[in-house]
There are 2 protein chains.
Amino acid sequence: MFYLIGLGLGDAKDITVKGLEIIRKCDKVLLEGYTSILTIGKDALEQFYGRPLVIADRELCESGIDDILEESKEKEIALLVVGDPLGATTHTDMLLRAKQLGVKSQIVHNASIMNAVSCCGLQLYNFGETVSIPYWTNTWKPDSFFEKILNNYSRNLHTLCLLDIKVKEPTEESLTKKVRQYMDPKFMSVKEASAQLVEIIENNPASGISKTCSAVGLCRVGASDQRIVVKSLEEMQHFDLGPPLHSLVIPAPELHPLEADYLSQFK
Amino acid sequence: MFYLIGLGLGDAKDITVKGLEIIRKCDKVLLEGYTSILTIGKDALEQFYGRPLVIADRELCESGIDDILEESKEKEIALLVVGDPLGATTHTDMLLRAKQLGVKSQIVHNASIMNAVSCCGLQLYNFGETVSIPYWTNTWKPDSFFEKILNNYSRNLHTLCLLDIKVKEPTEESLTKKVRQYMDPKFMSVKEASAQLVEIIENNPASGISKTCSAVGLCRVGASDQRIVVKSLEEMQHFDLGPPLHSLVIPAPELHPLEADYLSQFK
């Protein structure tokens with residue numbers, strides 16, 4: 001049996017009782033460590049679960065998944081994923097592969113940023129399409145996410161912006177070499193995302209969205225030190241929210257009175 | 001202290017460890033019983049938590065909330081909500097009211113249909129605005145949700161349709177009387193929602209969406225007897241998915257190959 005278990009967003013105790021019971025009976029427990037991170041480390045999780053964890057990086061989850069699934073034919077194996085296990089495409093792919101190989105699988109859902117973002121007071125049913133904001137380089141500055149934000153904004157919908165994460169990414173120089181070298185992990189901040197958005201807005205003065213528009217910065221959602229801040233995008237590009245993970249919301253231009261009241265706490 | 005605790009979607013064990021610990025230390029535990037339901041009853045929850053639960057209906061959550069919050073100044077009180085606690089506006093309102101009254105509050109997130117819908121294989125970031133489909137009566141047939149579905153469809157986005165729930169709704173006849181009488185609870189099925197959608201489509205032949213379009217019916221998501229079925233809307237209006245809760249998804253016209261592969265399991 002192959003289990004995909006969501007860990008939720010905050011700390012070790014955000015796992016469900018069902019998820020914890022499965023972990024404690026499994027033969028092997030893997031911790032997926034490249035699509036997101038918890039605010040606590042592997043050691044704290046191992047101590048709480050009473051089980052050793054094997055870190056599953058991108059290579060293991062993509063090219064190594066067939067071996068794990070083959071092993072799941074005889075054994076009970078769980079892969080732990082921060083948030084909800086089906087937030088990232090790669091996990092849906094695993095379940096399909098399991099089916100093809102004749103391996104039974106079970107999903108244990110949990111909170112993800114896609115629903116917990118409601119902690120800022122903006123209503124989930126007023127959100128449009130979610131976008132991802134990638135890290136820019138000097139030569140590569142994709143901005144297709146901006147069109148989606150504009151589309152939502154023009155229909156008076158909020159946009160949740162998921163911010164880029166680089167964990168165990170090979171360095172450019174090592175791509176052509178036999179031995180891969182890896183960059184230090186990095187997590188895009190609300191400050192960095194806002195600066196990229198302001199640059200796009202300045203280059204598109206007639207877009208219909210201004211850098212004085214409101215933005216909601218969310219930090220460590222679900223953890224005890226969660227922070228939410230509301231500022232203009234222009235101000236947000238200079239504001240440090242603290243350690244990762246961060247998310248950014250561009251609210252609709254017209255808010256429901258309850259949404260406006262709730263947001264005003266964070267100004 | 002006032003706690004809003006999400007119960008997730010399936011059974012008693014879908015609560016988080018954090019949520020369960022809070023329930024066990026609270027002076028009073030209320031179970032919100034009108035915006036959603038779990039697949040198990042109050043008795044099973046009480047047995048699992050080892051605590052008595054007070055059912056909180058709409059009247060208690062809306063007009064009675066100040067009394068509960070006042071009591072939370074001295075005591076530890078938890079309100080349990082199926083799914084994530086901030087899925088419905090009424091709970092955001094409670095938190096604002098708590099702040100105004102000087103009562104500390106804490107949210108414990110969990111999975112909700114807004115993220116667990118990904119169990120059908122459609123990717124969350126390809127969903128547009130979520131809509132709610134209300135029960136029609138002979139004289140009241142609102143269809144504003146259809147325009148939102150069309151908007152998503154034309155942008156190649158999926159639409160999650162939340163289906164109407166009537167729990168402890170006063171009968172029309174008793175609205176003017178001193179003693180309220182209540183209708184039996186009812187939960188809109190995928191079949192009923194599809195029939196309403198087909199009627200709208202037949203009345204709007206140039207809308208750009210046809211009754212032969214694909215629809216995904218989801219039943220009891222997160223429970224061990226969860227069902228997912230893919231059919232045309234036209235067929236879906238004659239198909240019985242079983243006991244509540246149901247949700248309906250209208251997928252985008254063009255699917256990612258992985259989404260198409262995953263959905264094809266449910267045809």
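The chain as shown is numbered from 1 upward.
Every residue gets a Cβ built from N, Cα and C, even glycine.
For the S-adenosyl-L-methionine site, TrEMBL gives B:Leu9, B:Asp84, B:Gly87, B:Ser112, B:Ile113, B:Leu163, B:His246; the one candidate out of B:Val29, B:Val54, B:Val131, B:Val221 that the record lists there too is B:Val221. Our reading of the S-adenosyl-L-methionine binding annotation (B:Leu9, B:Asp84, B:Gly87, B:Ser112, B:Ile113, B:Leu163, B:Val221, B:His246) yields a largest Cα to Cα distance of 17 angstrom.
Contact annotation for chain A: of the listed binding-site residues (B:Leu9, B:Ser112, B:Ile113, B:Leu163, B:His246), B:Leu9, B:Ser112 place their CB atoms under 8 A from a CB atom of that chain.
On the 0 to 100 pLDDT scale, the domain 'Tetrapyrrole methylase' (B:1-177) averages 92 in the predicted structure.
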